[in-house]
Amino acid sequence: MSIAESDGSQEPLEKKVHLPKTSESEALKRIRHTASHVMAMAVQKLFPKAQVTIGPWIENGFYYDFDSPEPFTEKDLKAIHKEMAKIIKRKLPVIREEVSREEAQQRIQKIGESYKLEILEGLQEPITLYHLGDQWWDLCAGPHVENTLEIDPNAIELESVAGAYWRGDETKAQLQRIYGTAWETPEQLAEYKRRKEEALRRDHRRLGKELGLFIFSDLVGPGLPLWTPKGTLLRNTLENFLKQEQLKRGYLEVTTPHIGRVDLFKTSGHWQKYKEDMFPMMAEDEEAKENELGFVLKPMNCPFHIQIYKSELRSYRELPMRLAEFGTVYRYEQSGELGGLTRVRGFTVDDSHLFVTPEQLNDEFIKVVDLILSVFNSLQLKNFKARLSFRDPSSDKYIGSDDIWDKSETAIRQAVETLGMNYFEGIGEAAFYGPKLDFIFQDALEREWQLGTVQVDYNLPERFDLEYVAEDGTRQRPVMIHRAPFGSLERLVGILIEEYAGDFPIWLAPVQFRLLPVSQDFLPFAQEIALKLRSLGVRAEADISNERLGKLIRNAEKHKIPVMAVVGAKEVESNCLNIRTRADGELGAIPVGDVITRMQQAISSYSNF
């Protein structure tokens, strides 16, 4: 049993590891749901003072939350699983019963389950109970298997214990959540464990710590990563790479503050439609607080870029105007939703907002998609699909008229069809202000992640009354394109760590080249070469640890240094370096000048040594 330390949340790392979605049959869902009830029955038999709360089936398994005076241990999980096997073998029928609210209340009061009483308050009649024989029951909507023998005890495993708050509210009672996994056969369980082991091997939280890229601090707070020197090198490399690509395409860099007045976000619609995801308002006094005259941490950069556009009257000759910023934004994620770098509270968006004429919209959209595809290619992210994220007409979470939305969705569809891209539609996946083209990447473990996004927006130009002077001298409304090839820089780094399993290509590696002197006698030569490489833009270092050569090589391998050079008497005399790479192994002695040239070529061409 372990409680996660890597992102400040309470869920265990081995449970929070992200696995690919599986195609799960209705039978498997029923097995998992009933397995959660069997587990709860086993817990209450072994720990009579434990109260149950909720216990749903989830992807890959199930969980149940308990209020127990005794903390559950690894030994307890084994005992609970053993008791579950006994219950399953009894072939207890799973019986559904409908009762009135009064009847349910009386039964709950009789057994003294206070959490069930609170759950009951939120249920509509008829109230349904599910019984395991005549031994145990719980409030439940189902569905379940017909009897416990439909569950194979050898296809179940109790995985971990985590802390959880009642109703997800940090001000309420802290509970113990037992996670389990359940499958139809032992073979399926074995395959799940294999996939999970590989996911743990690649997990960016573990590798990030081992490679010294980032940390989390309880004093700073959960969901707020701190980047080490090596991690910052990695971030800067990605930022500089994209900035160079943007410079070629006519983007203009801007810088905006981290906070803004509430009125700014009222105008944009964030305050009305996105307030629950924003940090609370900061106000100077009670009057300012009551009148909502305070400041908030920005959840998005777009309102700030709009103010830069609007700072003067623009001419059609200035359009398209492409404003770009690596801007840090803040989202008030619940602690239980945080996950390493892939779900954080403060993150950096490679944000750009393009202000275009209606006639320029299609061409600019296509150019943005071309940029995103070029970025993915350089990062070796090739397995992705495109999703047109449209609004759900039945939802009220959007701003703007149906006409504006229809126009925006039509524009995106036409642009994507012009590109000849295969796509699928995601109804309800749009941003509150406009539809999107999202790029869904599938990694080496067949897990899906949303990365780049392009959005067409007629709404915010309307809300902020944006204008430009057209060729005929009239005032016209521009269209906005929101785009972010990386999406979140933090999420991208997390995904890349897992995709590469920490083995970054040379151009991305925080340390690209390490010199390994066979003894301290050759350290000055190694340091001289490292200095020369650094002066030419190569991130090089000499190992000064005075260990045996075998240990130096193992340390370099452990830190996944892409290119290593052994330095001894022969190398000093011949002005060569004995090169070893992670990609190709030992390459032998190569003249120093050739090594420098090949390193520069590998970095500039995003290729191997």
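From the backbone N, Cα and C atoms, a Cβ is placed for every residue, glycine too.
Together with CYS302, HIS482, the Zn(2+) site in TrEMBL holds one more listed residue from HIS258, HIS353, HIS559, which is HIS353. In the three-state DSSP classification, CYS302 (Zn(2+) binding site) falls within a helix. Cβ neighbours of CYS302 (Zn(2+) binding site) (same chain, under 8 Å, six or more residues apart in sequence): SER268, ASP351, HIS353, ASP457, LEU460, MET480, HIS482. One way to see the shell of the Zn(2+) site is to take the Cβ centroid of CYS302, HIS353, HIS482; the remaining same-chain residues with a Cβ within 8 Å of it are MET300, ASN301, HIS305, ILE306, ASP351, SER352, LEU354, GLN455, ASP457, LEU460, MET480, ILE481, ARG483. On the 0 to 100 pLDDT scale, the domain 'Aminoacyl-transfer RNA synthetases class-II family profile' (229-517) averages 91 in this prediction.
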